[in-house]
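Note sheet for the following structure.
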Amino acid sequence: MIEALIVGEMQDVQIGFVKQILSLNLVPRSNNTTCGNNTSLCDFSEMWYGVFLWAVVSSLIFHLPAALLALATLRRHKVARFFPLGILLMGIIGPLFGGVLTSAAIAGVYKAAGKSMFSLEALVFGVGQSLFIFIISFLRILATL
């Protein structure tokens, strides 16, 4: 009888603990820190990497079709057949140099504000960087015409 009471009290304590944890919405991370939920990026390196990764991927998504189009149209040209390589290199080198700094600045602002970043925010900031570069590049070309 006493054992049944002890087991019942332990189950009540465990249920109360689970409710408390779920109400706080804290999920333990791999490095023993806690974060708002499992898709939140709390650490500076997580935020930086998330934004940087989306910037690189979206830059390649913009540059790969341009390189394929250049390859298809310039394949018989004597010198310009190598332009697609330059386009692909700029699709990789641009985010490696510029994207590293801007992603670090975004992650630094979030970390200094004490906020966590959702994965969707990292996507928006990463793709936003590539869109911004695309728009600026397009406007520079229009200015030369």
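FYI, residue positions are counted from 1 along the chain as it appears here.
Each residue, glycine too, has its Cβ placed from N, Cα and C.
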Which residue does Swiss-Prot record as N-linked glycosylation site, given the choices ASN31, ASN38?
ASN31
Identify the topological domain of CYS42 and of LEU145 in Swiss-Prot, and say whether both name the same side of the membrane.
no
